[in-house]
Every structure is written in structure tokens, then in C-alpha cells.
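As recorded in TrEMBL:
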- 334-348: compositional bias 'Low complexity' (COMPBIAS)
- 360-377: compositional bias 'Polar residues' (COMPBIAS)
- 11-297: domain 'Sugar phosphate transporter' (DOMAIN)
- 333-377: region 'Disordered' (REGION)
- 7-26: transmembrane segment (TRANSMEM)
- 38-63: transmembrane segment (TRANSMEM)
- 75-93: transmembrane segment (TRANSMEM)
- 99-121: transmembrane segment (TRANSMEM)
- 133-154: transmembrane segment (TRANSMEM)
- 192-211: transmembrane segment (TRANSMEM)
- 223-245: transmembrane segment (TRANSMEM)
- 279-299: transmembrane segment (TRANSMEM)
Amino acid sequence: MFGKPILLTYLYLLIYIILSSGVILYNKWVLSPKYFNFSFPITLTMIHMGFSGLVAFILIRVFKVVAPVKMTFEIYATCVIPISAFFASSLWFGNTAYLHISVAFIQMLKALMPVATFFMAVVCGTDKLRCDVLSNMVLVSVGVVISSYGEIHFNVVGTLYQVTGIVAEALRLVLTQVLLQKKGLSLNPITSLYYIAPCSFVFLFVPWYLLEKPEMQVSQIQFNFWIFFSNALSALALNFSIFLVIGRTGAVTIRVAGVLKDWILIALSTVIFPESTITGLNIIGYAIALCGVVMYNYLKVKDVRASQLIAESIPERATKDWKLEKKSSEIYMSDINDGGSNGGNDSASDQDVDEEAPLISSSRLSHIGRSQLSSHA
């Protein structure tokens, strides 16, 4: 009934949903004072970064699974360092939020991500202020406000941490687009971790030394190697699963899977963590916000497909113009030369060879379009 490629795609989507939900719930369990009680989010994030960087180093330098990109000091200083700083900040603030608010409410607040990303993109000049997108952003914001109003265990500190993490992540996404794409640098998940994870680890060391190290020296810490190892391994596996999903599906599928994952995660969190009570107002507010997110995703996918069609039409137009110019040139030459038959044969053979160039350009442009589609996923 279903072919092997389709079954593989659904399997990868299932793995992505399980890993994404599992990592979030696992982090909450580790950090929560009511459960494992390891209330050091910066330390946990540093463990993730250190482990991911080490694995990426082994895969690239030892096993040579992928080749490292050509990285100059200028690109590292102007691109990797600022991106790593915002990446470290988003993980730090996001993980700290688990200490104060529930997983369900965190997922509802994450609906603000398109809002933050859109406005950051407008400020940085990578997107334009449009009425249709702006109306969706207003709808998302209203939904999140309603959901927050309905939150029983509303915590200002936890909410501020999560919103700050969202803003930092939005800045990272926009900076990645502005800085790396301008340099023509393309990073897959392994090379991204290879360059960004160690740098993020260094950035996290400063707040860790000032905020968590003194507290860790005086408090009784229960350190279980297998728990932290499995937690870091899950986070690493999630990065690779995203890579697999992007490689086999389009933007629409990934966005739908993300929405499905959020609903599953909200439902699971109320079962695993009974203190995560959800009210009717929470659900109504989140549903409103989700409508805005879905419409925003639709508009973004529509824009990407339109740009892809334009990109693919460029070589076709160039080919038509070239053929017209070639024909006019041949007519002109046949009028001048008496030996037109030989000239015609030469032109035909040249045309057979030259027509391969537009085809190659078209495929490359199509590939660029797919890359852009993946980058928006």
C-alpha cells in the first residue's frame, strides 16, 4: 500500500516527534526540584554543548563522515561567534524557564517564536513589514496573552526567562540567515555542532562561573553519569533527526509535524507532571495562537515556492532568448556565406552542447530553492 520511501519518511517524522518531546520532558525532569532536582540549567546546557562538540569532532576529524567547511578567522569572528552567543543564550534562558513554569505553558509561549523572528527579520532588513503577516502576528500574540491569563501557576520570572530565550533564538536564526548566507557558507547539523557547540560552551562558562559554580560548591549535588549521558545523547540525536526529516520532507510537512508535536507534548506533560494543570482558557488561547502560526507558516511556504518558481523560470527565459539570438545569428551568417550547409551542421552540434548549460543551471537553482525551503522549515 505504501512504498518504502513513504514509510521511511513517516518513520523519520515519528522519530523526530518522539525525540523532540522526549528531550523537553527529560530536561524538565532533570531540572525540576520535585524530581531529579538538578537545578543548574547552565551546567546542563554546558554538558550538552561539550558532548555535542566532542561527537562532532570525532565524526569529522576521526571518522571523516563529513568534510569540514573552509573556515577563515574572519568568518569565525564575524559569523560563528555572534551566532554561538545567541544560541548559548537561548538554551540557557530556555532551560532556566523549566525551574519556574510548566512544560505545557512553555510550549504555549513558544508560539511567539514566529512573532519574534518576523520582527527581528524586519529590523535586520531580511523581511518586509506586510499587512497579512502582521495580522497573523497580532493573532498569535493575542492568543498567547489569553493563554497566559488562563495559566493557574503563572510565574513572572519563568515567563521572562522563556520570552528572553525566544528573542535570543529569533536573533540567532536571523543572524544565521544574514551572516552565513552572505558568506555563502552552508552548515549541516554535524558541521554546525563542530563549530558552534565549543564556542557556545565558552560563552556559557562565564555565567556558570559567576552564578552556578558558587552554589554547586555548597549544595549537595547528586550526579548520575548515565542520566546526564543519556540526556546529552538524546539532545544530540534530536539534531540528527531534524537533519533526516529535512532531507526527506518539505517545509509544510515539518511545520505540521511541529504543530502535532506541540499538542502531544502538552498532553504528555500533564500526565507525566501532574502539577501541570491546563485550564480551558489555556486551550482557547493556544488554539487562537496556533491558528496564527499555521497561517504564518502557510504564507512563508507560499513565498518560498513563489521564489523557487521565479528562480526556475530564469534559465528557461535565458534559453529562449539564447535560441532566438542563435537563430537570428545563423540566418545572418547563411546570407553572408555560400557554404551554409556546413555552417548549419556546426551550429546544430554547438547547440546540442550549449543547451546542457541551461539545464545544469536550472537544476542548481532548483537545489538552491530546496535549500531555502529547508532553511524555512
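Every residue gets a Cβ built from N, Cα and C, even glycine.
Here the transmembrane segment (75-93) lies next to the transmembrane segment (192-211) in space: the count of CB pairs under 8 Å, restricted to residues six or more apart, reaches at least 3. Here the domain 'Sugar phosphate transporter' (11-297) returns a mean pLDDT of 91 for the predicted model.
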